[in-house]
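Visitor: Mind having a look at this structure? Questions to follow.
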Amino acid sequence: MVSGAQKSELDLEAYCSVVELCAGMMSLQDGKRVHSVICDNGVEADGQLGAKLVFMYVKCGDLREARRVFDKLSNGKVFVWNLMINEYAKVRNFREGVYLFGKMQELGIQANSYTFSCVLKCFSALGCVREGEWIHGYLYKLGFGSDNTVGNSLMAFYFKNRRIKSARKVFDELCDRDVISWNSMISAYVSNGLAEKGVEIFRQMVSLGIDVDLATIINVLMACVAGGNLSLGRALHAYAIKASFDQDVMFCNNVLDMYSKCGDLSSAIQVFKKMGERSVVSWTSMIAGHIREGLSDEAIGLFSEMERDGVNPDAYTITSILHACASSGSLKKGRDIHNYIKEHGMDSSLYVCNTLMDMYAKCGSMEDAHSVFSRMPAKDIVSWNTMIGGYSKNCLPNEALKLFSEMMQKSKPDSMTIASVLPACASLAALNRGQEIHGHILRNGYFSERHVANALVDMYVKCGVLVLARLLFDMIPVKDLISWTVIIAGYGMHGFGREAIAAFNEMRKAGIEPDSVSFISILYACSHSGLRDEAWRFFDTMRNDYGIVPKLEHYACMVDLLSRTGNLTKAYKFIKIMPIEPDATIWGSLLCGCRIHHDVKLAEKVAEHVFELEPENTGYYVLLANIYAEAEKWEEVKMLRERITRRGLKKNPGCSWIEIKGKVKIFVAGDSSHPQAAKIESLLKRLRLKMKEEGQSPKMQYALINADEAEKEVALCGHSEKLAIAFGILNLQPGKTIRVTKNLRVCGDCHEMAKFISRTSRREIVLRDSNRFHHMKDGNCSCRGFCFDVTEIGRVNQAWISAVEMQGCSVL
């Protein structure tokens with residue numbers, strides 16, 4: 001056809017028809033050939049023919065060539081101008097669309113309602129509110145004020161720029177509203193977080209007898225999701241079935257979404273089963289719905305079924321299923337999804353990579369998370385936060401702080417970054433680093449964000465500065481349940497049970513109801529302060545007044561309390577009558593009590609339960625071996641250690657660390673490789689000699705070796721907490737508080753020496769072990785010997801009371 005045209009002249013009408021045909025076929029190649037013939041034959045591409053050529057190029061996706069033809073038109077009609085402005089809006093070149101509108105005005109070309117609709121889209125995208133308002137006034141002058149097309153565009157413009165009252169005014173002034181006007185108003189309210197207003201417009205629409213269409217139903221279903229209006233959603237579903245809308249895939253997807261997000265997963269499943277055609281959106285909605293209800297394994301099963309049905313997942317499906325893997329701890333499935341992501345080129349998506357890192361972090365595989373992170377071509381704040389938070393939660397605080405330092409050089413942290421890195425400081429008891437981050441919080445105004453304030457209070461609690469933690473807690477303007485739980489738990493960790501109870505009562509007076517975690521904190525506080533009667537009262541209050549069913553953690557606190565206070569038989573009977581099956585933690589609490597009270601016979605009985613539940617947990621074998629060692633049952637110790645060796649288990653070495661000048665120094669038990677090892681050993685020998693002179697003999701039972709007294713004494717001096725305390729004396733200014741953290745429980749001999757050092761060196765020593773804090777001052781400890789000798793329970797001397805008051809902990 002085209003080649004024939006090259007050999008003969010065609011009239012203008014024929015050229016127009018051929019160009020129109022090329023546009024209809026969307027054949028850019030043929031269109032260009034026809035345009036070439038037109039030019040070769042000297043036909044002027046202006047007027048109707050020029051407009052047809054512009055339309056053809058726009059339809060075939062060649063906007064550059066369309067513009068070239070358009071610029072040569074002598075006086076294009078409004079249709080062509082509208083075409084170009086609209087096309088520039090489509091390709092998001094909004095400024096060029098606005099420029100053409102301005103050119104129209106200069107040339108005196110009268111715009112119509114469609115022109116204004118197109119240019120309002122451009123102004124809306126560019127955020128040009130004042131210009132849009134000018135157009136609004138100009139429209140009224142031209143008499144377009146009541147035009148539905150213009151009115152709908154004005155509403156869309158105002159809603160996108162959050163000028164809700166202006167949009168509603170336009171809607172109210174429309175003389176003859178069509179269904180699009182009503183739908184636009186409903187959709188706009190929903191997208192601006194005003195779901196109830198959207199429902200109100202829908203009810204008004206129905207009351208006026210205006211026929212609703214599919215778009216109306218979908219918009220109102222979205223309002224039901226936003227407002228949690230399940231009853232209206234069901235009514236809309238019933239109406240849609242009668243109106244035969246239920247065969248539409250988009251409608252079904254929205255109904256699925258409504259049911260699952262409103263908590264009616266069973267109805268969502270029924271809709272899903274009845275769907276004739278299921279799109280990727282349908283499957284994704286169902287997967288997300290199951291995850292929302294905590295049914296992660298079922299969500300993973302749906303994903304497998306989706307693959308068998310031959311439906312290819314999109315990025316949203318992939319991120320949903322990664323969330324399911326994270327929730328269920330399905331690392332293997334998560335790695336399979338990672339392989340799929342790589343095979344299908346989805347690893348270039350920032351959102352997918354962030355979700356992938358989050359999955360690995362929650363499944364405990366930080367190596368895989370770091371691998372994803374290091375390969376990302378671009379990282380956003382979420383990427384950094386995911387990795388820092390992942391390291392903190394997976395007990396890798398050094399890596400979290402290292403990455404935070406790297407981030408500070410490349411990006412600016414936000415409040416979530418700060419809330420993620422503070423737990424790392426808390427874990428290491430890195431007070432200096434925590435104080436630096438505190439300064440960053442103050443400079444950037446992050447303390448007003450409650451999750452940051454709560455994390456900061458928790459950091460100071462776990463770094464042993466309870467006075468400052470309480471001061472910051474009091475500065476939080478609006479405290480939530482987490483705020484109160486943090487401070488209650490803090491008092492418990494530091495052995496201030498009475499203060500924890502006072503804080504708990506203050507919380508209730510403030511109108512905040514405790515939850516399951518709050519009761520764990522207060523029971524823990526009572527347990528670590530020997531407040532037996534108070535603990536039972538809270539346990540009963542939790543069940544009777546708040547209807548909270550005790551979990552294993554609550555029972556563990558009660559067993560721990562009974563065990564610590566010497567009621568081992570009662571603790572054993574309590575475990576036996578528990579309505580839920582005890583886990584290793586509960587039996588382990590009783591086993592610890594057996595060590596404190598030297599009950600070897602019961603310890604053997606309890607240990608069998610522990611070994612059955614957690615046969616690979618070395619800590620329990622070591623605990624029983626220590627009980628035997630303290631009772632000098634060396635044959636049993638030998639047999640137990642052989643059992644550990646046969647099972648291929650390894651004992652975690654005792655280690656302690658201390659922060660000096662912003663750097664954390666780690667000491668391992670018996671380690672003599674430190675540069676100051678000779679000075680540390682010499683200092684400890686002198687201190688031990690001084691203790692003996694004052695009548696304080698070493699507690700040899702904590703040496704846990706079958707050797708003579710001299711060897712036992714040497715072994716005791718090599719305990720990691722002693723090495724860290726001695727290092728602190730050598731390297732900190734006189735009188736400065738020594739803060740040491742240990743990964744295991746502090747032994748009784750180290751505890752006695754630390755108290756002695758606090759008195760003779762006139763320093764406060766804050767020793768945090770795996771169980772609690774020990775504040776030593778003037779030879780006294782906050783635990784009052786509760787962790788080591790039952791005869792000390794309840795005896796609080798005046799010297800300790802003075803020390804507590806000096807700590808500022810009587811503020812409650």
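Any Cβ shown, glycine's included, is placed from N, Cα and C.
Any TrEMBL annotation is an automated prediction that lacks curation.
Take a look at what TrEMBL says about it:
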DOMAIN    695-786  domain 'DYW'
REPEAT    77-111  repeat 'PPR'
REPEAT    178-212  repeat 'PPR'
REPEAT    248-278  repeat 'PPR'
REPEAT    279-313  repeat 'PPR'
REPEAT    314-348  repeat 'PPR'
REPEAT    349-379  repeat 'PPR'
REPEAT    380-414  repeat 'PPR'
REPEAT    480-514  repeat 'PPR'
REPEAT    515-545  repeat 'PPR'
Visitor: Note the mean pLDDT of the repeat 'PPR' (178-212), expressed as a whole number.
Guide: 89
Visitor: Just give the helix, strand and coil counts over the repeat 'PPR' (314-348), going by DSSP.
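Guide: Final tally across the stretch: 30 helix, 0 strand, 5 coil.
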Visitor: Please indicate, using numbers and ranges, the residues of the same chain that are 6 or more beyond the repeat 'PPR' (248-278) and have a C-beta under 8 Å from a C-beta there.
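Guide: Sequence-distant neighbours of the repeat 'PPR' (248-278): 214, 217-218, 221-222, 224-225, 228-230, 233-234, 237, 240, 285-286, 288-290, 292-293, 295, 309, 311.
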Visitor: Under an 8 Å Cβ to Cβ limit, what residues of the same chain, 6 or more beyond the ends of the repeat 'PPR' (77-111), are close to it?
Guide: 50-51, 54-55, 58, 63, 66-67, 70, 118-119, 121-123, 125-126, 128, 131, 142
Visitor: Taking DSSP states H, G and I as helix and E and B as strand, how many residues of the repeat 'PPR' (515-545) are helix, strand and coil?
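Guide: Helix, strand, coil within the repeat 'PPR' (515-545): 25 helix, 0 strand, 6 coil.
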